[in-house]
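As recorded in TrEMBL:
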- 9-284: domain 'NADP-dependent oxidoreductase' (DOMAIN)
- Tyr42: active site, proton donor (ACT_SITE)
- Lys71: site 'Lowers pKa of active site Tyr' (SITE)
- His104: substrate binding site (BINDING)
Amino acid sequence: MSQINMPLIGLGTWKSKPGEVANAIKVAIDCGYRMIDCAYVYGNEGEIGEALKSVFSSGKVKREDLFIVSKLWNTRHNPDDVKPSVQESLGLLGLAYIDLYLIHWPHAFKPGKDIFPTDEHGKLQYANIYYMDTWKALEKCVDEGLVKHIGLSNFNSKQIQDVIDNSRIKPVNLQIEIHPYFSQEKLVQFAAKCGLTITAYSPLGSIDRPWAKPGEPTLLEEPQIKEIAGKHEKTPAQVILRWLLHRNIAVIPKSVTPSRIRENFEIMDFKLSDEEIETINNLNRNARLICPMVEKDGKRVPRDAEAPYYPISDSIEF
């Protein structure tokens with residue numbers, strides 16, 4: 001079983017714009033948040049580092065009070081690039097170690113300075129780098145004390161089992177998209193049996209995702225969730241987050257609005273009934289929302305479907 005003690009509620013920072021995320025971090029820590037979810041690709045680790053420096057110097061919290069998560073981007077899967085990537089995030093965050101470092105996706109992009117490397121036709125360039133080679137380089141980062149724990153993000157069940165079977169240091173956490181429209185029950189149960197803790201990203205449905213289509217249902221406007229929220233005098237967001245905690249899944253809702261940051265944290269003072277939990281469970285429609293899509297031959301298809309080790313496929317159940 002995994003040996004990791006991580007908070008159940010954290011602040012997500014994906015899509016938090018420069019100039020906004022530092023204050024969000026300070027507000028969150030004042031509210032009681034002790035986990036901050038970061039990633040190199042979000043482009044805001046430097047500003048997060050400035051905020052952390054400020055809260056440490058103020059004496060509000062010590063480094064050991066916080067649980068900081070970051071992720072290895074797809075262009076840095078080459079084993080020789082792994083340690084420099086960890087060190088780059090450490091430098092930006094102003095930290096001596098990262099509590100949990102995840103492989104952001106199992107598939108790799110062409111190595112280089114471009115975060116989304118493309119050819120002259122604008123087509124994304126992939127690399128055939130086996131994630132186990134990347135993982136072994138991450139294990140060395142644990143040995144050196146640069147990261148305390150390592151884990152996976154967006155891996156499917158077969159890939160998770162592959163890492164567990166072939167690793168010296170086992171993954172302790174799986175971060176995946178989970179919300180009432182995409183409950184991921186089979187993958188959650190599988191990962192839990194493997195001893196991984198689970199973190200849900202985009203738990204509220206990521207309304208501002210760049211590839212959203214007009215007319216797609218909005219989770220926070222779901223009538224049944226609004227009805228449950230009314231009964232408890234809570235917001236739909238609070239109900240969804242409480243539903244995830246009931247499943248023993250950590251949540252990292254993103255917000256830069258102080259009132260929402262506070263609201264997302266205040267979810268421990270009520271409980272959902274078994275009937276309410278079942279109502280939310282029944283909203284599942286296996287609707288993956290966080291999957292970059294492109295037009296191909298008149299159809300919308302996953303952007304990275306051609307990448308070696310891409311985790312999403314009709315042939316893989318979960």
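Glycine too: its Cβ is placed from the backbone N, Cα and C atoms.
Heads up, TrEMBL stuff is auto-annotated, nobody curated it.
DSSP assigns Lys71 (site 'Lowers pKa of active site Tyr') to a strand in the three-state reduction. Within 10 Å of the C-beta of the residue listed as 'substrate binding site' we count 20 further C-beta atoms, all protein chains included.
The predicted model assigns the domain 'NADP-dependent oxidoreductase' (9-284) a mean pLDDT of 95.
In the three-state DSSP assignment, the secondary structure recorded for His104 (substrate binding site) is coil.
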